[in-house]
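TrEMBL annotations:
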type	residues	note
SIGNAL	1-18	signal peptide
DOMAIN	152-250	domain 'DUF8021'
Amino acid sequence: MIGTLLGAYLSILSAAFAAPTAEPCTRDFLKTQAAKYVAAQVAGTLGELATSSVTYTQDFKPATLGTGLLAKPLKIDFNRSTYDTTQCATYTEVIAASSTPPYVLGTQMRFTDGVLSKMETIATTTGDWLFNPSGTLKYSQQEAWTEIPEDKRDTRAVIQAAGDAYLDLFNDKTVKVPWGNPCARLEGGSYIQPSCNVGVPSGLKMTNRRYVVDEVLGTVDIFFTFGGQEPDSHQFRVENGKLRYVHTLTVMKSKST
Ligand SMILES: *[C@@H]1O[C@H](CO)[C@@H](O)[C@H](O)[C@H]1NC(C)=O
């Protein structure tokens, strides 16, 4: 008797406290959010993107949305976003080559229950590693980052592992990287092709990695700390399990600007 009552009581409790069914995070939702972000950066106001209480970092340092880079209107020449419906996150590359100063930005956004909860921006500008915004613009916009046909898509694990292998190579020359042939690396504004396996230094650990993976576009963007020092983004486009494009953004901590 007591057991039955207790059971009934518990089942009422658990019904009352059951988590509301989480909205599935759709690609369309993420596309809308990324477009809002680009619009906010053009306008220099948050607009519909978020309230200013979101956790926000700029070059991996805590910052305030209402007074940081997002509050500065930018003329944007090119932007490209990727969408991670599993983690409910986006990554956007923004090229503002003709603004003063010029910027190339990488932004990761993360959503919880349909609301922006975390936003991180890496802002490269004059003085950063190989910064050349007209080069970035020229090469980035000529690349085809089209949706990969369903039967040719790699899994999240394969895509992420390709990016991780590339970053692990900096510290371990025995790592097998799935190099594509051709492969092109847009490093700052320099274009290195047809092999990406050149000029990779050694003895450097790439730590604190945060990922945005998009199986439809075959991409992973990784934010990490380069050699324990510089805020960095490496974005990889993977085709048939192999690296096709690499885009890098590295903020030089020593820059004087
Ligand atoms: C951002 O990219 C989208 C998709 O290519 C494009 O439609 C939009 O006009 C771009 N926005 C700006 C401000 O350039």
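Here, residue 1 is simply the first one shown, and the rest follow in order.
Any Cβ shown, glycine's included, is placed from N, Cα and C.
Summarising model confidence by region, the domain 'DUF8021' (152-250) averages a pLDDT of 96. The helix, strand and coil residue counts that DSSP assigns across the domain 'DUF8021' (152-250) are 15 helix, 48 strand, 36 coil.
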